[in-house]
Every structure is written in structure tokens, then in C-alpha cells.
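Per TrEMBL, 5-phospho-alpha-D-ribose 1-diphosphate binding site is recorded for 78, 103, 130, 131, 132, 133, 134, 135, 136, 137, 138, 201. Summarising the annotation, TrEMBL assigns uracil binding site to 195, 200, 201, 202. What TrEMBL lists as domain 'Phosphoribosyltransferase' is 5-208.
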Ligand code: PRP
Ligand code: URA
């Protein structure tokens with residue numbers, strides 16, 4: 001598993017505003033979208049391309065185009081939905097599948113409550129969106145789901161992660177082609193499984209309390 005932590009002042013600035021408890025949902029949503037677009041630039045560095053012949057107004061030449069099958073973007077509901085627009089802005093030809101997961105706040109175990117994905121993901125490059133990688137349970141289950149359907153490689157974009165979750169994911173995805181692109185690696189998990197310093201509950205901050 002490869003882990004890439006973005007190191008850019010714009011990303012750190014936007015994350016700082018996002019973390020601030022006084023930042024309300026409309027700004028939180030806009031910043032999430034902007035951050036994902038910045039992280040998507042890094043996450044798509046190895047997107048598969050093929051050579052194409054084109055005519056410019058001046059001459060014939062060759063260029064690169066994103067190859068078939070199209071990449072699949074998978075936001076993990078609910079909070080990952082807040083990352084979708086920022087991703088498809090950069091990768092407009094991608095297909096989008098959905099996974100609904102919720103973590104039991106007592107046991108910290110994730111359950112899947114919705115799934116709308118192609119049955120066969122053979123040869124597909126997948127990009128998973130989930131803002132928070134805490135224990136790694138939700139992302140680990142999502143990644144396993146995609147590999148079980150035949151995905152060849154999975155890149156996850158997360159705004160924040162805890163070292164404990166990264167370590168758990170490393171074990172769970174051993175031997176798989178997995179890349180994690182992060183806005184920041186935080187310090188630790190607290191006793192309730194929240195990322196410290198973190199930003200609180202990403203789903204609630206995007207969409208309100210449920
Ligand atoms: C949050 C977050 C991740 C998960 C991370 O979702 O968006 O999916 O928790 O925690 P983990 O790494 O310990 O699994 P949550 O279950 O709160 O659902 P929501 O997106 O509907 O708010
Ligand atoms: N899920 C969140 O939304 N925030 C955390 O800090 C941990 C899990």
C-alpha cells in the first residue's frame with residue numbers, strides 16, 4: 001500500500017478552515033469540494049491513458065487520452081458524497097458507483113446499507129472517496145468489496161487519516177495494489193474512535209446531525 005500525504009500550503013490552509021468548529025456547512029461543503037479537486041490531481045497521476053492521433057489546426061500529432069474502461073469513482077455515503085463534485089470536475093468521463101456505509105459508534109464496526117456498483121469491475125481503475133480514515137474499517141471494507149468484484153487497483157482520497165487506521169489498512173490490503181492520498185496525517189484516534197485533532201464528524205458537518 002502506498003500512502004501519499006499532500007504537502008501544499010493551499011491544502012493546509014483549506015484544511016485549517018475545515019477543522020475550525022465555527023465553520024458552518026455551506027463553507028465546509030465548498031472547501032471539501034475544492035480540497036478534493038486538489039487531491040484528485042495527485043490521485044490521478046497514474047490514471048491509465050492511451051496514445052491518440054489528432055489534428056491540430058497546424059499539423060498531425062499524437063497525444064494521450066484516458067483509456068477504456070473508464071475509471072470508476074466510488075463515494076462512500078454519506079460523507080463521501082460531499083467529495084464527488086470536486087472529483088468529477090477533474091475526471092468528467094469517469095463513471096460513478098455508490099457504497100453506503102455507516103460505522104457503529106459503539107463497536108466502531110462498519111456495515112454496508114447500500115450498494116450500486118457494476119457487477120464486474122475486471123480491469124477497472126477505482127477511486128474511492130471518503131473524507132475520514134479513522135480505524136480504517138469503512139475504507140477497508142469498501143476496498144475489499146471492489147477487489148472482490150475484480151478491480152485491479154484502488155486509489156482512495158481522504159481528507160484526514162489517523163496512523164492507527166493506516167496501519168490497519170496496510171495489514172488488510174496486503175498484496176493488493178492500493179494507494180491512499182491524504183490531505184493530512186493526524187496525530188491519533190481518541191477513545192471514541194475520532195481523529196485527533198480532526199474535524200469532528202464529517203457527515204454531520206456536511207449535512208447536519210442524523
Ligand atoms: C465516517 C466517515 C467514514 C468513517 C470512518 O462515516 O465518513 O466513512 O466514519 O471511520 P472508520 O475509519 O473508523 O471506519 P460515518 O460512519 O460516520 O457515516 P456518515 O458518512 O453517514 O456520517
Ligand atoms: N468519522 C468521522 O466523521 N470523524 C472522525 O473523526 C472519525 C470517524
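Cβ coordinates come from backbone N, Cα and C, glycine included.
For the pair residue 130 (5-phospho-alpha-D-ribose 1-diphosphate binding site) and residue 195 (uracil binding site), the C-alpha distance works out to 14 angstrom.
The binding-site residues recorded for this entry are 195, 201, 202, and the Cα of 202 lies nearest to that of residue 78 (5-phospho-alpha-D-ribose 1-diphosphate binding site). For residue 200 (uracil binding site) paired with residue 136 (5-phospho-alpha-D-ribose 1-diphosphate binding site), the C-alpha to C-alpha distance reads 16 Å. Ligand 2 lies under 6 Å from the Cβ of 132, 195, 201, out of the binding-site residues 132, 138, 195, 201. Residue 136 (5-phospho-alpha-D-ribose 1-diphosphate binding site) is surrounded by 24 other CB atoms, counting those within 10 A of its CB over all protein chains shown.
A 10 Å cutoff on Cβ-Cβ distances gives residue 134 (5-phospho-alpha-D-ribose 1-diphosphate binding site) a total of 26 other Cβ atoms nearby, all chains included. In this structure the C-alpha atoms belonging to residue 202 (uracil binding site) and residue 132 (5-phospho-alpha-D-ribose 1-diphosphate binding site) are separated by 7 Å.
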